[in-house]
Amino acid sequence: MLGFLKEPVVVTAKINVNLVALTVMGLISRLWGLCYPRAVVFDEVYYGQFVSLYMKRIFFVDDSGPPFGHMLLALGGYLGGFDGNFLWNRIGAEYSMNVPVWSLRLLPALAGALCVPLAYQILAELHFSHCAALGAALLILLENSLITQSRFMLLESVLIFFILLAVLSYLKFYNFQKHSAFSGSWWFWLLLTGVACSCAVGVKYMGLFTYMLLLAIAGLHFWHMIGDQNLSNVSLLCHFLARGLALIIIPMGMYLSFFYVHLALLYRSGPHDQIMTSAFQASLEGGLARITQGQPLEVAYGSQITLRNVLGKPMQCWLHSHTNTYPIRYENGRGSSHQQQVTCYPFKDVNNWWIVKDPGMQQLVVSNPPRPVRHGHIVQLVHGITTRYLNTHDVAAPLSPHSQEVSCYIDYNISMPAQNLWRVEIVNRESDTDVWKTILSEVRFVHVNTSAVLKASGLSGASLPEWGYRQLEVVGEKLSKGYHQSMVWNVEEHRYGKSQEQKEREVELHSPTQVDISKNLSFMAKFTELQWKILTLKNEDTEHKYSSSALDWITMDTNIAYWLHPTSGAQIHLLGNVATWASANAAALVYLCLSLWYLLRRRRKIYDIPEGLIALCVCVQVAACGLFCSEMPSPVSADAWQLWVSAGGVCGGGWAVNYLPFFLMEKTLFLYHYLPALTFQILLIPVVLQHLSDHLCRSVLLKSMFSALIVAWFSSVYFVYCTFSPVTYGQPALSLTDLKALRWKDTWNILIRKQ
C-alpha cells in the first residue's frame, strides 16, 4: 500500500530562459531608482488625492473612469502603511516621510515590467519565430515612454498590462481550441481572457477598445465554427455558452464588484458627495447623514421641509425665497409682478425652509396622527420665514421670457389673484398611491391653474442680476413633457411642525423616531447613480500647456515635462524612442501596402506567399480591421498568408481601435493616451521584419544583408534609448549644452533654466 514511497518523487519543469531573462530585465528597467525623485511627478498630484481619500475612507467621484485602477494604487499605499496625510497641491512638492513612495509606485512599475515578457509570448502564440518574439520584447523593454509612464503612480502601464494579458490569454485559448477544447487549460485561458478584459475596463474606459476587438475576434471565430460539420448542435451550444459566460457574464460581474468594493471602502462623507442625490448622501457616514438622522420618513401636511433640485449640476441648489421682490421693470423694459422673489440657492440657509399646507385647512402643524401626502395630492407650499405662498402666473420669468415667473404671493389688492395650488407628482413611484417620502421620493410640482412645472432653469443658464443676489432662476415651465431633472425635487431636511405661532415655529426643533434612510438605498441604486455621474460629469476642459492632438502623436511632435529638479538641470519627460516610433510607423505603412498588394494579386489568382494546407480565408482584411481569418495556423501547418493576416488583426487592429477613437473625442488629450496603441504598433515591427526576411529576401546574400541591416537598426534603437535615458529616469543631471542637444524637434519643450 505504501509502495509508492520506495521511489523518489520527481518534478520536472520546462523553463524558457528567454522569458526569465526578459522578465528580469524588465524588472530592472522599471524598478531601478523607483523612489527617485522623491517628489510629486505630473499626474501623481491627481491620483495621489484619491489614494489619500481611500486611506481616510472618504467618498469621491472621478469622471475619468471606473475605480479599479485607483484601488490598485491605494493598495500600494495600504501595503506601505500610508495614512493618507499629504497635501497633493502641486507638482514638484517634496514628499513627507510618512509617504511610502516606493510602495505607491510599485504596482505600476511591476505592470510595466511584465509587459516585456507578455510581448514575447504574444508573438510566440501568433506562431512567429522566437527571434521575432525576442525582438518585440526588447523593443518594449527599450521604449523610453513606456518606462517613464510605468515608474510613477500612474495608470497607463497597468492598463497596457491588462490589455496585453487579455490578448495573450485569448491567443492561448484559441490555440488550445483545436486539440483540447473544454480541457482545464482551455477553460483557464478563456476565463482569464474575460477577467483581464474586465480589469482593463475597470482601470480606464480605454480598455473597452481592446475588449470590443477581442469580442469581435471571438464572434468571427464562432461564426466559422458554425460552418464546421464535424461539430454537433450540442457542442456548438456549449461553445457559445462558455464564451458568453467567460467573455460577457464574468466581466460584467467583475465590473460590478469593483464598484461594490469601492463603495464599501468609501463610506464617509466628503466634498465630492455633494453632486450625488440626497438619498446617496444620506447613506454616507457624516455630512448629510448627520443632519438627516432621525428625520420623519413620510411627508405630511404641516411638515417643514427643504427642497433640493435633483439635477445637482453644475451645482446643487435648494428652493429659496427672501423678502426682496422682483423689480417693477427689468433692464430690457419688460415688466414683472413685483412679487416676492423665489430662487434656487446653492447653500443651506434658513430661507430654504417651506411648510407643506393642506389647502382646505389653515393649520401649519402636523396633526396627530400625521396625514401623509400622496402622489396626486394638492398642496400649498408656504415659505417658512415670510409665510407667503409659492405662486406662479402668466407673467414672463426674468431670464426665461417663454416661461412663467415663480414668486411668493403678495396681495397688492389689484386684479392679480393668488394661484398657489400645486399637485405633487412622484416621478419614481411604484404605484399611484405612493406616499411622498423624505430623500427617497423624486417629485414634480405641477401648477393646478396653468399646468406649468416648477423648474430650476438657472442650472442651465445665467444667474439672476444683482437685484437677485446672483442666485439661480426658478420658473414655471409650460412645456412639461418628460421628466428633465431640473424639474424634479426631493425633500432633503424634514421635521414635523408643532407650533402654529410664527416666532415659535422659526426656532422649533423636532427629533422623532430615527429612520435609517441608508437601508432603503440598495447597492444597485448606488451603482447606477455613481455610474451615471461618472459618464455624464464633465469637468471644464481647459487648454493645458502639454495637451496635444491625436495627429501630433504619430510623429511624436509633442512631449510632456513630468518633473524638474528645483536647483539642478535634472528633469523627467514623457518622450518616446524616436527610432522605435519611426520604425513602428514604417512597419504599419509597409503592412498596409503589402496587404493591399497581396489582396489585389490574390484576386487575380496569383499567390505570392504560400496558401498552406488550411482552407482559403474568405474575409478581406487589412491591418485596421482587427479580425482574424477563419483559422489560426498551427506550428505544424504554418500558413504564411494566415500568419500575416492574423498578426495584422491583432497588432494592426489593436493599434487602430486604441488610436482612431481619439479623433472623435472632445476632451483634453495628452501624449500618454497614445501608449496603448503604440504598444500594439511596436508588436507589428518584428512581424513585418520576419515577413520581409522569409518571403522577399530569397537569396542567401539578401538574407545576410537584411540581417545586418536589422542589427544596425536595433543598435540605433539602443543608442536612442541610452541618449534619452537621463530624461527618462531623471538622472544624471544634464548640463545646458546636453539639454539643448536633446531637443531633436523644435516642438519639444525641453526645460532650460535661464542663466
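Note that Cβ sites are derived from N, Cα and C of the backbone, with glycine treated the same way.
Small disclaimer: the values here were computed from a predicted structure and weren't measured.
Under the heading domain 'MIR', TrEMBL lists 296-359 (among others).
The predicted model assigns the domain 'MIR' (370-427) a mean pLDDT of 90. The domain 'MIR' feature in TrEMBL is assigned to 370-427 (among others).
Annotation source TrEMBL lists transmembrane segment at 68-88 (among others).
Sequence annotations record features per position, and here TrEMBL assigns transmembrane segment to 100-120 (among others).
The annotation transmembrane segment is assigned in TrEMBL to 154-174 (among others).
Distant neighbours of the transmembrane segment (186-203): 65-69, 72, 155, 158-159, 162-163, 165-166, 169-170, 172-173, 176-177, 180, 210-211, 214, 242-243, 246-248, 250-252, 254-255, 258; these residues of the same chain sit at least 6 beyond its ends, with a Cβ under 8 Å from one of its Cβ atoms. Under the heading transmembrane segment, TrEMBL lists 186-203 (among others).
For 208-226 (among others), the entry in TrEMBL reads transmembrane segment.
The transmembrane segment feature in TrEMBL is assigned to 246-267 (among others). Counting residues 6+ beyond its ends, the transmembrane segment (246-267) has Cβ neighbours under 8 Å at 53-54, 57-60, 66-68, 70-71, 190-191, 193-195, 197-199, 201-202, 211, 214-215, 218, 284-285, 523, 526-527, 530-531 in the same chain.
Counting same-chain residues at least six beyond the ends of the transmembrane segment (578-600), those with a Cβ under 8 angstroms from any Cβ of the stretch are 139, 142-143, 554-556, 608-609, 620-624, 641, 644-645, 648, 652, 655, 678, 681-682, 684-685, 687-689, 691-692, 713, 716-717, 719-720, 744. The transmembrane segment annotation in TrEMBL covers 578-600 (among others).
If you look up TrEMBL, you'll see 612-629 (among others) marked as transmembrane segment.
The transmembrane segment annotation in TrEMBL covers 641-664 (among others).
Annotation source TrEMBL lists transmembrane segment at 670-689 (among others).
For the transmembrane segment (701-721), the list of distant contacts is 135, 138-139, 142-144, 577-580, 583, 689, 692-693: same-chain residues at least six beyond its ends, Cβ to Cβ under 8 Å. According to TrEMBL, the feature transmembrane segment maps to 701-721 (among others).
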Cβ contacts under 8 Å made by the transmembrane segment (670-689) with residues that lie 6+ beyond its boundaries: 115, 119, 122-123, 126, 128, 132-133, 135-136, 139-140, 143, 145-146, 149, 154, 156, 159-160, 163-164, 206, 209-210, 544, 546-548, 550, 552-553, 556, 558-560, 574, 576, 580-581, 583-585, 587-588, 590-591, 594, 623, 644, 647-648, 650-656, 658-659, 662, 710
Remote residues contacting the transmembrane segment (154-174) - C-beta distance under 8 A, at least 6 residues beyond either end: 42-44, 47, 69, 72-73, 107-109, 111-112, 114-115, 118-119, 121-122, 125-126, 146, 185-186, 189-190, 192-193, 196-197, 199-200, 203-204, 206-207, 210-211, 214, 217-218, 221, 632, 650, 654, 658, 672, 675-676, 679
Residue distribution over DSSP helix, strand and coil in the domain 'MIR' (370-427): 0 helix, 26 strand, 32 coil
